[in-house]
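J.: Straight from TrEMBL, here's the annotation block:
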type	residues	note
REGION	40-61	region 'Disordered'
COMPBIAS	43-52	compositional bias 'Low complexity'
TRANSMEM	131-154	transmembrane segment
TRANSMEM	166-184	transmembrane segment
TRANSMEM	191-212	transmembrane segment
TRANSMEM	254-274	transmembrane segment
TRANSMEM	286-305	transmembrane segment
TRANSMEM	325-346	transmembrane segment
Amino acid sequence: MQGASSQALLFSQHLHEAPGHFKRGRACSGIRVCVPQASVQDSRPIPSSPGGSPSPEPLYPDARRGELRWRLCSQRGLELQPGTGCGLLSGPLSLLPCPLQPSMCDIQRGSGKAKEPGVGGRFRASWYERFVQPCLVELLGSALFIFIGCLSVIENGPDTGVLQPALAHGLALGLVIATLGNISGGHFNPAVSLAAMLIGGLNVTMLLPYWISQLCGGMIGAALAKAVSPQERFWNASGAAFVTVQEDEQVGRALGAEIVFTTLLALAVCMGAINEKTRGPLAPFSIGFSVTVDILAGGAVSGACMNPARAFGPAVVASYWKFHWIYWLGPLLAGLLVGLLIRLFIGDGKTRLILKGR
């Protein structure tokens, strides 16, 4: 390969001296050209000097197994790299024939990285991290959040009122989002997952697995809260199920409150963590604070659930289903409303469907 290296250096020099033979790409795009078998000769001879005569010899006499890859970058000039990738170059060099083999041309555009064939572990890991791991994280985060929330209600004393549950729910949610959010998105709430799916933050095929994971996490968290609580306290608090609504006259107010409270929470998630124009590193804390504010403001109106999984887990464990539907309908309507608001009016240019402008 020593002869090939010398030919490569010579060819690089020629390209520097004759910039008209090719068109440079963007600085970091990593444009590559595939140069195949040793018998291939360039159809446009390259001079040995700026004014010299064409070279009649084959361009790469010592290239043995197929291809040599050229990587063009305007900041580094041209360098020859042996490898298996093949790409495109706008100019005369793109006329060189290149045997396209799917296993040898699996390249991420612009990254300069080629996937080596036959390495199945990377593909298995990618499938696990894309589909299985997020669901496991949603289950774990929902279980931890609902365990803390239920326990704060069960152990709440008369002197603290709604302050203890409000702080416990808000701090717990912010903590699990900050810890696990980069893996799954940090939803831990079916209504939030619905809003995220509507604005493009969650693949539609993952919505149902997320919901199942969150509901299972809710049951696990509520069961753990029951296991560590004294029986008397547990049943006095109805297992931390939502018992605020007791009369039919309260239903309308409770449903409206759940819609408004969940709208604030879903907006904090979608605009603070998903929307490119407004997202930032403080999203976990703003999401947790939105839960705290909602519970402080409306705990006596509806219980400020904002989360079907938070209502479902304790309802299963304590077998308390009275007016349970409010805590499904209200949050899911709010998730739908937030998705429409962002898609139509307040989302960034990539998310908004109308009034994009120019």
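Every residue gets a Cβ built from N, Cα and C, even glycine.
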J.: What stretch of 166-184, 191-212, 254-274, 286-305 shows the most Cβ pairs under 8 Å to the transmembrane segment (325-346)?
T.: 254-274
J.: Cβ pairs under 8 Å only, please: of the recorded stretches 131-154, 166-184, 191-212, which one is richest in them relative to the transmembrane segment (286-305)?
T.: 166-184
J.: Which residues, given as numbers and ranges, are at least 6 beyond the ends of the transmembrane segment (166-184) yet have a Cβ under 8 Å from it?
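T.: Result: 133-135, 137-138, 140-141, 144-145, 148-149, 151-152, 210, 273, 283-285, 287-293, 295-296, 299.
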